């Protein structure tokens with residue numbers, strides 16, 4: 001009975017969520033698009049001509065937002081061919097419905113075949129921005145969840161170290177709680193500028209937060 005009440009309460013909140021309504025109206029696949037939008041508007045992350053990689057992209061709302069931003073850049077420069085001024089590569093273990101002008105690679109980005117496909121799209125270019133809305137399945141056991149969250153962030157940090165240009169940026173989802181300070185410290189070891197971000201679109205009750213790192217300390 002308690003579980004049913006919880007589900008009904010969640011459904012009521014979801015249906016009445018202004019960001020859910022806005023996402024439906026504006027064609028985004030998830031309300032998460034507005035988290036990236038708010039951070040981007042604050043930090044000017046996405047700019048015309050960039051190479052952007054979206055880790056854990058499904059269902060695709062972050063890639064949709066990035067695509068729309070780069071399409072605006074295309075409109076300002078009618079000389080360019082193609083639909084956007086830049087390149088977006090989305091990766092996920094799960095399948096994802098196609099998004100115009102977005103290269104989708106399904107698989108584990110640590111595996112050689114996926115990395116080979118990625119390098120084929122990059123054509124030797126370094127990445128300007130890595131974005132990650134990845135989150136593990138949480139168990140409710142604090143110590144286990146902290147380890148899973150840290151592992152996800154470690155994967156994004158390693159990917160960024162291997163592919164970002166020196167002045168590039170990494171934005172990842174994280175959660176406040178056990179292990180959070182260790183993740184921030186890892187960002188500080190890797191980036192010159194590190195800042196937490198809690199967009200308004202992130203639900204108040206959620207411990208979800210985002211960490212932004214800019215300018216690699218030890219670029220490869």
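Note that Cβ sites are derived from N, Cα and C of the backbone, with glycine treated the same way.
Same-site candidate for S-adenosyl-L-methionine binding, as annotated by Swiss-Prot with 60, 62, 92, 133, chosen from 85, 108, 145: 108.
All protein chains included, residue 108 (S-adenosyl-L-methionine binding site) registers 13 other Cβ atoms within 10 Å of its own Cβ.
Reduced to three states, the DSSP call for residue 62 (S-adenosyl-L-methionine binding site) is helix.
Looking at residue 60 (S-adenosyl-L-methionine binding site) and residue 173 (active site, proton acceptor), their Cα atoms lie 15 Å from each other. A 10 Å radius around the C-alpha of residue 173 (active site, proton acceptor) takes in these binding-site residues out of 62, 108, 133, in sequence order: 133.
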